[in-house]
């Protein structure tokens, strides 16, 4: 059993912001798989599942706002008894250039409140990550303002390519190991 999580904030106000790249990419993956995410109050998010090569794969978009993403993920992990090593989280990363995608098995939160919440609730840093670069804010602009703004027209193609790359990597992960994903997609 594997759990694929896309981080973001609920609501139209945040729909296409940098901070919602995890939501956008999870939507891409669901579309690729031909499934729809549906609201699930037990898991405080939108959820769907699919069987791939006999393995149950669950997709989750926490609707708790970024800072409380761990509430949603923990409720699902507890209910289904999912090992942290079988979780992959897709999220925005300020420290990567716009349109860059990197995969890693563990790490700190790097100032990302959604990841901080997951680490707190799961009690471990040992879960897989798909990080999509959103770049640092220009001088004089706050991080909060930057992550809650949309991508520029000039960045859109790079971001779309990164989303496609992560979509391919995540669908590959459903059939292989995370080590194979890192070797092939990093």
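Cβ from N, Cα, C; glycine included.
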Which one of 40, 113, 128, 149 goes with 14, 65, 67 at the tRNA site, as TrEMBL has it? 113
Going by DSSP, give the three-state secondary structure for residue 92 (site 'Stabilizes the basic form of H active site to accept a proton'). strand
Cβ neighbours of residue 113 (tRNA binding site) where a neighbour is any other Cβ within 10 Å: 17
Provide, as an integer number of angstrom, the distance between the C-alpha atoms of residue 65 (tRNA binding site) and residue 9 (site 'Discriminates between blocked and unblocked aminoacyl-tRNA'). 5
Rounded to a whole angstrom, what is the largest C-alpha distance between any two of the residues 14, 65, 67, 113 that the record assigns to tRNA? 16
